[in-house]
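As recorded in TrEMBL, the features of this protein are as follows:
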- 337-350: compositional bias 'Polar residues' (COMPBIAS)
- 327-350: region 'Disordered' (REGION)
- 55-96: repeat 'WD' (REPEAT)
- 96-137: repeat 'WD' (REPEAT)
- 139-179: repeat 'WD' (REPEAT)
- 261-293: repeat 'WD' (REPEAT)
Amino acid sequence: MAMRQTPLTCSGHTRPVVDLAFSGITPYGYFLISACKDGKPMLRQGDTGDWIGTFLGHKGAVWGATLNKDATKAATAAADFTAKVWDAVSGDELMTLAHKHIVKTVDFTQDSNYLLTGGQDKLLRIYDLNKPEAEPKEISGHTSGIKKALWCSDDKQILSADDKTVRLWDHATMTEVKSVNFNMSVSSMEYIPEGEVLVLTYGRTIAFHSAVSLEPIKSFEAPATINSASLHPEKEFLVAGGEDFKLYKYDYNSGEELESYKGHFGPIHCVRFSPDGELYASGSEDGTLRLWQTVVGKTYGLWKCVLPEEDSAELPKPKIAFPETAEEELEEIASENSDSIYSSTPEVKA
């Protein structure tokens, strides 16, 4: 009998969670940032969902959020016509980058020296973070609001998506290399550096394209409209979520549906695998983030698989065992930072 998937629920947001991103693996583990329409992006420990802090300063819905590779900086994109860069260790706001319209997406270069932004004004902007007073470089060409923009090919190129078009740009010449049009709105885009794979969702389709040529590799059809999909780091599985509140897990090679289960109490807006591939996170209209195990029953993070005694006739059941000190640690963190950006501690529960 298969073990039951038991997600960890991370509460604290008061409006829909619309974007999330993981850092790389650091000496302190890896981290997770979430963007929410409540205007208060949150930072969490990636493997447990434990709340670390809330970045306070935006005056409108936050549509996009990201962390640099070593989780020392965060960037957010918001409806208040700004993108902000934060010190992810102290929580301090480092700079506010004014735009002429709603900002939807932000992405750091690998060395964290440049920030790419995109939004409703149809322009891509590249900011030199070492020269915050300098005007950004601008790339025009999109014909509708930009939903997602990502660095690719070792920051030599840029991928961007508007309503029904995905474009590839050359960073050095600031010119378009290629574009692909779709017959319906592109709802999400993920870039996988290993193998240069681009993961796109539109309608019920989950499509994989070459990030170098934009040529299609393969695609799968889901039972419902999909808002987001993510490919496992080792390209074994992919997960997707959308309008039917359910999460789907597929075999990447065969396209076979491996699991599906109701994941939230509202449409799912974003899903992403952790950098080690051990879990994936989902964000929803219901205002929560949930963490899910890639391999159910494995002891990892706050999950602990407790097997029955050998002479017991019971079947193995996965149980969640929380460390005895978890609650004390969270209270200690909140106490230490009571005079900084951090607000009251949201819960992490099974």
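Cβ coordinates are placed from backbone N, Cα and C, and glycine is handled just like the others.
A TrEMBL annotation is a machine prediction, not a hand-curated record.
The repeat 'WD' (96-137): residue composition by secondary structure is 0 helix, 21 strand, 21 coil, according to DSSP.
When Cβ-Cβ distances below 8 Å are used as the criterion, the repeat 'WD' (261-293) is approached by residues 5-11, 13-25, 30, 32, 34, 36, 38, 44, 46-49, 188, 190, 227-234, 239-247, 300-301, 303 of the same chain, each at least six residues removed from its ends.
Listed by sequence, the residues of this chain that lie at least six past the ends of the repeat 'WD' (139-179) yet keep a Cβ under 8 A from its Cβ atoms are 64, 101-102, 104-105, 107-111, 114, 116-126, 185-189, 191, 193, 196, 198, 200, 202, 209, 211-214. Helix, strand and coil counts under DSSP for the repeat 'WD' (261-293) come to 0 helix, 19 strand, 14 coil.
DSSP states for the repeat 'WD' (139-179), grouped as helix (H, G, I), strand (E, B) and coil, give 0 helix, 22 strand, 19 coil.
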